Amino acid sequence: MSTLQSKDPKVFEAVQQELGRQRDKIELIASENFVSEAVMEAQSSVLTNKYAEGYPGRRYYGGCEYVDIVEDLARDRAKEIFGGEHVNVQPHSGAQANMAVYFTILEHGDTVLGMNLSHGGHLTHGSPVNFSGIQYNFVEYGVDKESQRIDYEEVRRLAKEHQPKMIVAGASAYPREIDFAKFREIADEVGAYLMVDMAHIAGLVAAGLHQNPVPHSHFVTTTTHKTLRGPRGGMIICNEEFAKQIDKSIFPGIQGGPLMHVIAAKAVAFGEALQPEFKSYGEAIIRNAKRLGEKLTSEGIDLVSGGTDNHLLLLDLRSLGLTGKVAEKALDDVGITTNKNTIPFDPESPFVTSGIRIGTAAVTSRGLDEEAMDEIGATIALTLKNVDNEEKMNEARERVDALTAKFPMYPNL
(Lines of atoms letter the chains of each structure in order from A and count residues from 1; the text may use other names and numbers.)
(Lines give C-alpha, C1' and ligand atoms only; values in the text may rest on other atoms or scores of the structure.)
Protein backbone atom coordinates (compact mmCIF):
# COMPACT_ATOMS: atom_id res chain seq x y z
CA MET A 1 0.00 0.00 0.00
CA SER A 2 2.94 2.29 -0.65
CA THR A 3 0.97 4.43 -3.12
CA LEU A 4 -1.81 5.03 -0.60
CA GLN A 5 0.77 5.79 2.06
CA SER A 6 2.36 8.49 -0.06
CA LYS A 7 -0.82 9.93 -1.58
CA ASP A 8 -3.09 9.93 1.47
CA PRO A 9 -1.21 9.18 4.70
CA LYS A 10 -4.26 9.87 6.89
CA VAL A 11 -6.36 7.17 5.23
CA PHE A 12 -3.33 4.86 5.14
CA GLU A 13 -2.80 5.34 8.86
CA ALA A 14 -6.44 4.52 9.64
CA VAL A 15 -6.25 1.37 7.50
CA GLN A 16 -3.05 0.30 9.26
CA GLN A 17 -4.62 0.92 12.64
CA GLU A 18 -7.57 -1.27 11.67
CA LEU A 19 -5.16 -3.98 10.51
CA GLY A 20 -3.48 -3.73 13.89
CA ARG A 21 -6.82 -4.04 15.67
CA GLN A 22 -7.72 -7.16 13.70
CA ARG A 23 -4.31 -8.67 14.42
CA ASP A 24 -4.17 -7.77 18.11
CA LYS A 25 -7.73 -8.49 19.23
CA ILE A 26 -9.83 -11.64 19.33
CA GLU A 27 -12.75 -11.16 16.93
CA LEU A 28 -15.92 -12.74 18.29
CA ILE A 29 -18.57 -10.65 16.53
CA ALA A 30 -20.75 -13.36 14.98
CA SER A 31 -21.38 -11.46 11.74
CA GLU A 32 -17.69 -10.84 11.01
CA ASN A 33 -14.99 -12.94 9.40
CA PHE A 34 -11.56 -12.67 7.78
CA VAL A 35 -11.55 -12.99 4.00
CA SER A 36 -8.66 -14.48 2.06
CA GLU A 37 -6.06 -12.29 0.40
CA ALA A 38 -7.42 -13.50 -2.96
CA VAL A 39 -10.84 -12.08 -2.09
CA MET A 40 -9.24 -8.77 -1.11
CA GLU A 41 -7.22 -8.66 -4.33
CA ALA A 42 -10.36 -9.17 -6.43
CA GLN A 43 -12.22 -6.47 -4.53
CA SER A 44 -9.39 -3.97 -5.00
CA SER A 45 -9.02 -4.72 -8.73
CA VAL A 46 -9.63 -2.53 -11.80
CA LEU A 47 -13.18 -3.87 -11.94
CA THR A 48 -14.07 -1.03 -9.57
CA ASN A 49 -13.80 1.26 -12.62
CA LYS A 50 -16.51 -0.48 -14.68
CA TYR A 51 -20.15 0.50 -14.87
CA ALA A 52 -22.35 -2.42 -15.92
CA GLU A 53 -26.05 -1.64 -15.52
CA GLY A 54 -28.14 -4.65 -16.46
CA TYR A 55 -27.16 -8.31 -16.50
CA PRO A 56 -24.65 -10.45 -18.45
CA GLY A 57 -25.47 -10.26 -22.15
CA ARG A 58 -28.06 -7.53 -21.51
CA ARG A 59 -26.10 -4.47 -20.38
CA TYR A 60 -26.88 -0.80 -20.89
CA TYR A 61 -23.18 0.01 -21.30
CA GLY A 62 -20.55 -1.18 -23.73
CA GLY A 63 -17.29 -2.82 -22.75
CA CYS A 64 -18.86 -5.36 -20.39
CA GLU A 65 -17.54 -8.57 -21.95
CA TYR A 66 -15.08 -9.25 -19.13
CA VAL A 67 -17.27 -8.27 -16.21
CA ASP A 68 -19.91 -10.55 -17.75
CA ILE A 69 -17.46 -13.43 -17.31
CA VAL A 70 -16.99 -12.53 -13.66
CA GLU A 71 -20.71 -12.23 -12.90
CA ASP A 72 -21.46 -15.52 -14.67
CA LEU A 73 -18.75 -17.21 -12.61
CA ALA A 74 -20.28 -15.89 -9.40
CA ARG A 75 -23.79 -16.99 -10.36
CA ASP A 76 -22.73 -20.44 -11.58
CA ARG A 77 -20.63 -21.12 -8.50
CA ALA A 78 -23.46 -20.06 -6.19
CA LYS A 79 -25.81 -22.46 -7.99
CA GLU A 80 -23.25 -25.23 -7.59
CA ILE A 81 -22.96 -24.55 -3.86
CA PHE A 82 -26.60 -24.09 -2.92
CA GLY A 83 -28.67 -25.41 -5.80
CA GLY A 84 -31.54 -23.26 -7.00
CA GLU A 85 -32.52 -22.38 -10.52
CA HIS A 86 -31.73 -18.66 -10.51
CA VAL A 87 -29.19 -16.53 -8.64
CA ASN A 88 -28.79 -12.76 -8.48
CA VAL A 89 -25.42 -11.67 -7.08
CA GLN A 90 -25.92 -7.93 -7.55
CA PRO A 91 -27.45 -6.89 -4.19
CA HIS A 92 -25.09 -4.55 -2.39
CA SER A 93 -26.16 -5.97 0.98
CA GLY A 94 -28.38 -8.52 2.63
CA ALA A 95 -30.87 -5.78 3.46
CA GLN A 96 -31.19 -4.90 -0.22
CA ALA A 97 -31.60 -8.56 -1.11
CA ASN A 98 -34.49 -8.75 1.35
CA MET A 99 -35.95 -5.51 0.02
CA ALA A 100 -35.90 -6.87 -3.54
CA VAL A 101 -37.84 -9.98 -2.54
CA TYR A 102 -40.41 -7.88 -0.69
CA PHE A 103 -40.78 -5.57 -3.69
CA THR A 104 -41.22 -8.60 -5.95
CA ILE A 105 -44.07 -10.21 -4.01
CA LEU A 106 -45.64 -7.72 -1.61
CA GLU A 107 -47.84 -4.65 -1.89
CA HIS A 108 -47.82 -1.84 0.65
CA GLY A 109 -49.63 -2.99 3.80
CA ASP A 110 -49.49 -6.73 3.07
CA THR A 111 -49.24 -8.99 6.11
CA VAL A 112 -45.95 -10.81 6.69
CA LEU A 113 -44.87 -13.15 9.49
CA GLY A 114 -41.34 -12.51 10.76
CA MET A 115 -39.19 -13.26 13.80
CA ASN A 116 -39.18 -10.77 16.65
CA LEU A 117 -35.90 -8.82 16.62
CA SER A 118 -35.38 -9.22 20.37
CA HIS A 119 -35.84 -12.98 20.01
CA GLY A 120 -33.13 -13.23 17.36
CA GLY A 121 -34.67 -11.84 14.17
CA HIS A 122 -33.29 -9.03 12.01
CA LEU A 123 -34.15 -5.38 11.42
CA THR A 124 -35.38 -6.21 7.91
CA HIS A 125 -37.77 -8.84 9.25
CA GLY A 126 -40.31 -6.24 10.33
CA SER A 127 -38.69 -3.95 12.88
CA PRO A 128 -40.85 -0.81 13.20
CA VAL A 129 -37.79 1.41 12.67
CA ASN A 130 -36.90 -0.37 9.40
CA PHE A 131 -38.49 0.03 5.96
CA SER A 132 -39.90 -3.49 6.31
CA GLY A 133 -41.93 -2.63 9.39
CA ILE A 134 -42.96 0.72 7.94
CA GLN A 135 -44.00 -0.55 4.51
CA TYR A 136 -45.67 -3.83 5.52
CA ASN A 137 -47.83 -5.23 8.29
CA PHE A 138 -45.43 -7.57 10.07
CA VAL A 139 -46.74 -9.99 12.68
CA GLU A 140 -44.00 -11.29 14.98
CA TYR A 141 -43.30 -14.82 16.14
CA GLY A 142 -40.66 -15.70 18.70
CA VAL A 143 -39.13 -18.38 20.86
CA ASP A 144 -40.66 -20.43 23.63
CA LYS A 145 -40.00 -18.86 27.03
CA GLU A 146 -38.76 -22.10 28.57
CA SER A 147 -36.76 -23.75 25.78
CA GLN A 148 -35.77 -20.44 24.14
CA ARG A 149 -36.18 -22.15 20.76
CA ILE A 150 -38.51 -21.24 17.90
CA ASP A 151 -42.05 -22.24 18.79
CA TYR A 152 -43.24 -23.74 15.51
CA GLU A 153 -46.74 -24.25 16.85
CA GLU A 154 -46.92 -20.53 17.62
CA VAL A 155 -45.76 -19.85 14.07
CA ARG A 156 -48.52 -22.11 12.76
CA ARG A 157 -51.15 -20.51 15.01
CA LEU A 158 -50.15 -16.99 13.98
CA ALA A 159 -50.07 -17.98 10.31
CA LYS A 160 -53.58 -19.40 10.47
CA GLU A 161 -54.85 -16.39 12.41
CA HIS A 162 -53.31 -13.65 10.26
CA GLN A 163 -53.08 -15.37 6.84
CA PRO A 164 -49.80 -13.69 5.81
CA LYS A 165 -48.83 -13.31 2.19
CA MET A 166 -45.27 -14.23 3.14
CA ILE A 167 -43.45 -15.91 6.01
CA VAL A 168 -39.85 -14.89 6.70
CA ALA A 169 -37.55 -17.43 8.37
CA GLY A 170 -33.96 -16.89 9.41
CA ALA A 171 -32.30 -14.95 12.20
CA SER A 172 -29.37 -12.81 13.27
CA ALA A 173 -29.03 -14.02 16.85
CA TYR A 174 -30.47 -17.54 17.06
CA PRO A 175 -28.03 -20.27 18.12
CA ARG A 176 -30.10 -23.29 17.09
CA GLU A 177 -30.72 -25.04 13.78
CA ILE A 178 -33.85 -23.84 11.99
CA ASP A 179 -36.26 -26.36 10.48
CA PHE A 180 -36.96 -24.85 7.06
CA ALA A 181 -39.05 -27.84 6.00
CA LYS A 182 -41.37 -27.13 8.92
CA PHE A 183 -41.62 -23.47 7.89
CA ARG A 184 -42.54 -24.51 4.33
CA GLU A 185 -45.17 -26.88 5.66
CA ILE A 186 -46.75 -24.01 7.61
CA ALA A 187 -46.48 -21.64 4.63
CA ASP A 188 -48.23 -24.15 2.38
CA GLU A 189 -51.03 -24.60 4.91
CA VAL A 190 -51.96 -20.91 4.61
CA GLY A 191 -50.95 -20.33 0.99
CA ALA A 192 -48.03 -18.05 1.88
CA TYR A 193 -44.69 -17.55 0.17
CA LEU A 194 -41.65 -18.58 2.21
CA MET A 195 -38.53 -16.44 2.23
CA VAL A 196 -35.49 -17.64 4.14
CA ASP A 197 -32.75 -15.21 5.15
CA MET A 198 -29.76 -17.50 5.66
CA ALA A 199 -27.20 -14.70 6.05
CA HIS A 200 -25.66 -16.00 9.26
CA ILE A 201 -25.54 -19.67 8.38
CA ALA A 202 -24.81 -19.58 4.63
CA GLY A 203 -21.28 -20.90 5.10
CA LEU A 204 -22.55 -23.78 7.21
CA VAL A 205 -25.18 -24.57 4.56
CA ALA A 206 -22.46 -24.44 1.90
CA ALA A 207 -20.43 -26.93 3.92
CA GLY A 208 -23.41 -29.28 4.25
CA LEU A 209 -23.64 -28.73 8.01
CA HIS A 210 -27.06 -27.08 8.21
CA GLN A 211 -30.33 -27.88 6.44
CA ASN A 212 -30.28 -26.15 3.05
CA PRO A 213 -33.27 -23.80 2.78
CA VAL A 214 -33.22 -23.64 -1.03
CA PRO A 215 -35.33 -26.79 -1.69
CA HIS A 216 -37.92 -25.62 0.84
CA SER A 217 -38.24 -21.92 -0.04
CA HIS A 218 -39.68 -19.70 -2.72
CA PHE A 219 -36.85 -17.23 -2.07
CA VAL A 220 -33.54 -17.45 -0.22
CA THR A 221 -31.52 -14.36 0.60
CA THR A 222 -28.09 -14.11 2.16
CA THR A 223 -25.13 -11.93 2.76
CA THR A 224 -21.87 -13.12 1.24
CA HIS A 225 -19.69 -12.41 4.26
CA LYS A 226 -20.25 -13.88 7.76
CA THR A 227 -19.75 -17.68 7.70
CA LEU A 228 -19.52 -17.71 3.88
CA ARG A 229 -16.27 -15.73 4.26
CA GLY A 230 -16.66 -13.50 1.23
CA PRO A 231 -16.88 -9.74 0.70
CA ARG A 232 -19.64 -7.67 2.24
CA GLY A 233 -22.61 -8.01 -0.08
CA GLY A 234 -25.87 -9.81 -0.77
CA MET A 235 -27.40 -12.51 -2.97
CA ILE A 236 -30.82 -13.92 -3.87
CA ILE A 237 -31.65 -17.50 -4.89
CA CYS A 238 -35.05 -18.38 -6.35
CA ASN A 239 -36.85 -20.62 -8.81
CA GLU A 240 -36.90 -19.70 -12.50
CA GLU A 241 -40.55 -18.59 -12.31
CA PHE A 242 -39.51 -15.58 -10.21
CA ALA A 243 -36.20 -14.85 -11.99
CA LYS A 244 -37.33 -11.95 -14.16
CA GLN A 245 -39.25 -10.31 -11.32
CA ILE A 246 -36.32 -10.59 -8.91
CA ASP A 247 -33.83 -9.26 -11.44
CA LYS A 248 -36.14 -6.34 -12.22
CA SER A 249 -36.57 -5.59 -8.52
CA ILE A 250 -32.79 -5.27 -8.11
CA PHE A 251 -32.21 -3.38 -11.37
CA PRO A 252 -33.76 -0.99 -12.12
CA GLY A 253 -35.95 -1.36 -9.02
CA ILE A 254 -33.67 -0.48 -6.11
CA GLN A 255 -30.14 -0.31 -7.55
CA GLY A 256 -28.29 1.14 -10.51
CA GLY A 257 -24.91 -0.22 -11.52
CA PRO A 258 -23.63 -3.34 -9.75
CA LEU A 259 -20.34 -3.27 -7.87
CA MET A 260 -18.35 -5.46 -10.23
CA HIS A 261 -15.23 -5.54 -8.05
CA VAL A 262 -17.35 -6.87 -5.19
CA ILE A 263 -19.03 -9.42 -7.47
CA ALA A 264 -15.56 -10.59 -8.51
CA ALA A 265 -14.70 -11.04 -4.84
CA LYS A 266 -17.95 -12.97 -4.38
CA ALA A 267 -16.94 -15.28 -7.23
CA VAL A 268 -13.57 -15.91 -5.58
CA ALA A 269 -15.18 -16.64 -2.21
CA PHE A 270 -17.70 -19.01 -3.81
CA GLY A 271 -14.81 -20.80 -5.50
CA GLU A 272 -13.18 -21.22 -2.10
CA ALA A 273 -16.44 -22.53 -0.64
CA LEU A 274 -16.50 -25.27 -3.29
CA GLN A 275 -13.18 -26.68 -2.09
CA PRO A 276 -13.12 -29.72 0.24
CA GLU A 277 -11.30 -27.76 2.93
CA PHE A 278 -14.29 -25.43 3.30
CA LYS A 279 -16.29 -28.27 4.84
CA SER A 280 -13.46 -28.81 7.30
CA TYR A 281 -13.59 -25.11 8.08
CA GLY A 282 -17.34 -25.28 8.74
CA GLU A 283 -16.91 -28.31 10.98
CA ALA A 284 -14.25 -26.44 12.95
CA ILE A 285 -16.55 -23.43 13.36
CA ILE A 286 -19.22 -25.61 14.99
CA ARG A 287 -16.73 -27.57 17.11
CA ASN A 288 -15.25 -24.33 18.37
CA ALA A 289 -18.66 -22.82 19.13
CA LYS A 290 -19.76 -25.88 21.08
CA ARG A 291 -16.47 -26.05 22.99
CA LEU A 292 -16.60 -22.34 23.81
CA GLY A 293 -20.17 -22.73 24.99
CA GLU A 294 -19.22 -25.65 27.22
CA LYS A 295 -16.39 -23.66 28.77
CA LEU A 296 -18.58 -20.63 29.41
CA THR A 297 -21.25 -22.83 30.99
CA SER A 298 -18.65 -24.45 33.24
CA GLU A 299 -17.66 -20.93 34.33
CA GLY A 300 -21.24 -20.24 35.41
CA ILE A 301 -22.27 -18.10 32.44
CA ASP A 302 -25.79 -18.70 31.13
CA LEU A 303 -26.35 -19.36 27.42
CA VAL A 304 -29.66 -18.68 25.69
CA SER A 305 -31.21 -22.08 24.82
CA GLY A 306 -28.38 -23.74 26.75
CA GLY A 307 -25.89 -23.96 23.89
CA THR A 308 -25.56 -23.85 20.11
CA ASP A 309 -25.98 -25.84 16.90
CA ASN A 310 -24.15 -23.34 14.71
CA HIS A 311 -21.46 -20.64 14.94
CA LEU A 312 -23.26 -18.42 17.40
CA LEU A 313 -23.65 -18.13 21.16
CA LEU A 314 -25.93 -15.73 23.00
CA LEU A 315 -24.83 -15.01 26.56
CA ASP A 316 -27.43 -14.10 29.20
CA LEU A 317 -25.57 -11.88 31.68
CA ARG A 318 -28.29 -11.29 34.23
CA SER A 319 -26.90 -13.82 36.71
CA LEU A 320 -23.62 -11.87 36.69
CA GLY A 321 -25.40 -8.59 37.36
CA LEU A 322 -24.09 -7.12 34.11
CA THR A 323 -25.69 -5.50 31.09
CA GLY A 324 -24.60 -6.20 27.55
CA LYS A 325 -23.40 -2.62 27.23
CA VAL A 326 -21.04 -2.97 30.20
CA ALA A 327 -19.86 -6.43 29.11
CA GLU A 328 -19.10 -5.35 25.54
CA LYS A 329 -16.98 -2.44 26.82
CA ALA A 330 -15.13 -4.57 29.39
CA LEU A 331 -14.31 -7.27 26.86
CA ASP A 332 -13.16 -4.73 24.30
CA ASP A 333 -10.87 -3.21 26.93
CA VAL A 334 -9.04 -6.54 27.26
CA GLY A 335 -8.96 -7.18 23.50
CA ILE A 336 -12.05 -9.32 22.85
CA THR A 337 -14.53 -7.82 20.37
CA THR A 338 -18.22 -8.70 20.82
CA ASN A 339 -21.54 -6.90 20.54
CA LYS A 340 -24.25 -6.25 23.08
CA ASN A 341 -27.45 -8.03 22.08
CA THR A 342 -30.98 -8.39 23.33
CA ILE A 343 -32.01 -11.77 24.66
CA PRO A 344 -35.53 -13.22 24.44
CA PHE A 345 -37.92 -11.41 26.80
CA ASP A 346 -35.15 -8.93 27.63
CA PRO A 347 -36.07 -6.44 30.40
CA GLU A 348 -33.41 -3.99 29.18
CA SER A 349 -33.61 -1.61 26.21
CA PRO A 350 -31.86 -2.43 22.91
CA PHE A 351 -29.28 0.25 23.78
CA VAL A 352 -28.37 -1.54 27.03
CA THR A 353 -29.45 -5.21 26.68
CA SER A 354 -28.98 -8.18 28.99
CA GLY A 355 -26.77 -10.16 26.64
CA ILE A 356 -23.85 -10.29 24.28
CA ARG A 357 -23.63 -12.21 21.01
CA ILE A 358 -20.46 -14.03 20.06
CA GLY A 359 -19.48 -16.26 17.14
CA THR A 360 -16.57 -18.43 16.08
CA ALA A 361 -16.32 -17.86 12.31
CA ALA A 362 -13.51 -15.29 12.48
CA VAL A 363 -11.40 -16.99 15.15
CA THR A 364 -11.69 -20.27 13.24
CA SER A 365 -10.46 -18.55 10.07
CA ARG A 366 -7.54 -17.36 12.17
CA GLY A 367 -6.70 -20.95 13.03
CA LEU A 368 -7.79 -21.10 16.65
CA ASP A 369 -8.75 -24.59 17.82
CA GLU A 370 -10.77 -26.13 20.64
CA GLU A 371 -7.96 -25.72 23.16
CA ALA A 372 -7.88 -22.03 22.30
CA MET A 373 -11.66 -21.89 22.86
CA ASP A 374 -11.08 -23.05 26.44
CA GLU A 375 -8.63 -20.20 26.89
CA ILE A 376 -11.00 -17.66 25.33
CA GLY A 377 -13.88 -18.89 27.48
CA ALA A 378 -11.78 -18.64 30.63
CA THR A 379 -10.64 -15.14 29.65
CA ILE A 380 -14.21 -14.00 28.97
CA ALA A 381 -15.27 -15.33 32.38
CA LEU A 382 -12.28 -13.71 34.10
CA THR A 383 -13.19 -10.39 32.52
CA LEU A 384 -16.92 -10.46 33.16
CA LYS A 385 -16.47 -11.46 36.79
CA ASN A 386 -13.90 -8.74 37.43
CA VAL A 387 -14.95 -5.68 35.44
CA ASP A 388 -13.84 -3.38 38.28
CA ASN A 389 -10.65 -5.26 39.18
CA GLU A 390 -7.72 -3.68 37.34
CA GLU A 391 -5.32 -6.49 38.23
CA LYS A 392 -7.64 -9.17 36.82
CA MET A 393 -8.37 -7.08 33.74
CA ASN A 394 -4.63 -6.76 33.10
CA GLU A 395 -4.33 -10.54 33.43
CA ALA A 396 -7.08 -10.96 30.84
CA ARG A 397 -5.26 -8.59 28.45
CA GLU A 398 -2.07 -10.62 28.81
CA ARG A 399 -3.95 -13.82 27.99
CA VAL A 400 -5.41 -12.22 24.87
CA ASP A 401 -1.96 -10.99 23.82
CA ALA A 402 -0.56 -14.51 24.19
CA LEU A 403 -3.31 -15.99 22.03
CA THR A 404 -3.03 -13.43 19.24
CA ALA A 405 0.74 -13.86 19.17
CA LYS A 406 0.31 -17.63 18.85
CA PHE A 407 -2.16 -17.28 15.96
CA PRO A 408 -0.93 -14.40 13.73
CA MET A 409 -3.41 -12.73 11.35
CA TYR A 410 -2.56 -11.49 7.85
CA PRO A 411 1.24 -11.80 8.31
CA ASN A 412 1.86 -10.85 4.67
CA LEU A 413 -0.03 -7.55 4.70
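Here the Cβ of each residue, glycine as well, is placed from N, Cα and C on the backbone.
Taken from Swiss-Prot, the feature (6S)-5,6,7,8-tetrahydrofolate binding site covers Leu117, Gly121, His122, Leu123, Glu241, Ser349, Pro350, Phe351, and the record attributes it to sequence analysis. Per Swiss-Prot, N6-(pyridoxal phosphate)lysine is recorded for Lys226, and the stated evidence type is sequence analysis. What Swiss-Prot records for His225 is site 'Plays an important role in substrate specificity', and it gives sequence analysis as the kind of evidence.
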Under 8 Å by Cβ from Ser349 ((6S)-5,6,7,8-tetrahydrofolate binding site), counting only residues of that chain that are 6 or more apart: none
Inter-residue C-alpha distance, Gly121 ((6S)-5,6,7,8-tetrahydrofolate binding site) and the residue listed as 'N6-(pyridoxal phosphate)lysine' (nearest angstrom): 16
Long-range Cβ environment of His225 (site 'Plays an important role in substrate specificity'), under 8 Å and at least 6 residues apart: Ser31, Glu32, Asn33, Val35, Pro231, Arg232, Gly233
Position of peak Cβ density within 10 Å, selected from the recorded positions His122, Lys226: Lys226
Distance [Cα-Cα, Å, rounded] between Leu117 ((6S)-5,6,7,8-tetrahydrofolate binding site) and Lys226 (N6-(pyridoxal phosphate)lysine): 19
Most crowded position, judged by CB atoms within 10 A, among Leu117, Leu123 as binding-site residues: Leu117
Cβ neighbour count within 10 Å of Gly121 ((6S)-5,6,7,8-tetrahydrofolate binding site): 25
His122, Leu123, Glu241, Pro350, Phe351 screened against Lys226 (N6-(pyridoxal phosphate)lysine), Cα within 10 Å - retained binding-site residues: none
Listed binding-site residues (Glu241, Pro350, Phe351), ranked by Cβ neighbours within 10 Å, top entry: Pro350
Glu241 ((6S)-5,6,7,8-tetrahydrofolate binding site): secondary structure state under DSSP, collapsed to three categories: helix
